[in-house]
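**Q** Relevant sequence annotations retrieved from Swiss-Prot are reproduced here:
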type: BINDING; residues: Met35, Arg77, Leu115, Glu156; note: substrate binding site
Amino acid sequence: MSHPALTRLRALRYFAVMPSLAPPLSDWLLLEDSMTQRFEQQGKQVTVTLINEGYIEREALTDEAALLPDEPRYWLREIILNADGEPWLAGRTVVPESTLCGPELALQQLGQIPLGRYLFTSSTLTRDFIEIGRDAALWGRRSRLRLSGKPLLLTELFLPASPLY
């Protein structure tokens, strides 16, 4: 199953050099903390619509493959993050199978829980980078995060109703 917002997310083109961003854009796109928490700070109830979840083969990755270890399988989770029922963000998380051991096995059990609620409670979370991308008028970002040193890739597309615009 797919969703039009996830098609747009996969169409993001990333800037080779960090673009100059006005403060409202940079405040959202370069946020180091939880996007879920940021949405909740807007006074919104955040919910998850789960679109896809399960293992994919390496061949299903596009340019993401260059940012992750070479493995045969990856855990994929694609969601829409809603604020008071309105879609604000499309998210795609790709987790190498080798990351899914120990406490990180919980990444497969999130269900309707926003990823940020899990990630940002971990004292072992680090971020390698944030890449800024754009598809027509929509902005997005991609980050390689690490839990206990183990990588995962998170891509987020800000939808038209989000406060970024």
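Each position is counted from 1, following the chain as shown.
Placement of Cβ uses the backbone N, Cα and C atoms for every residue, glycine included.
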**Q** Within the same chain, and leaving aside Met35, Arg77, Leu115, Glu156, name every residue whose CB is within 8 angstroms of the centroid of the CB atoms belonging to the recorded substrate site, in sequence order.
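**A** Near the substrate site, the remaining chain residues are Thr36, Ile79, Leu81, Leu89, Gly91, Arg92, Thr93, Pro114, Gly116, Leu154.
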**Q** Are there any residues at least 6 positions away along the chain from Glu156 (substrate binding site) with a Cβ closer than 8 Å to its Cβ? List them or say none.
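**A** Listed in sequence order, they are Leu9, Met35, Leu89, Ala90, Gly91, Arg92, Gly140, Arg141, Arg142.
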**Q** In which DSSP state, out of helix, strand and coil, do we find Glu156 (substrate binding site)?
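**A** Glu156 (substrate binding site) sits in a strand per DSSP.
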**Q** Please list residues from the chain of Arg77 (substrate binding site) whose Cβ is under 8 angstroms from its Cβ, counting only those at least six apart in sequence.
**A** Leu50, Asn52, Glu53, Gly91, Arg92, Thr93, Val95, Leu107, Leu110, Leu115
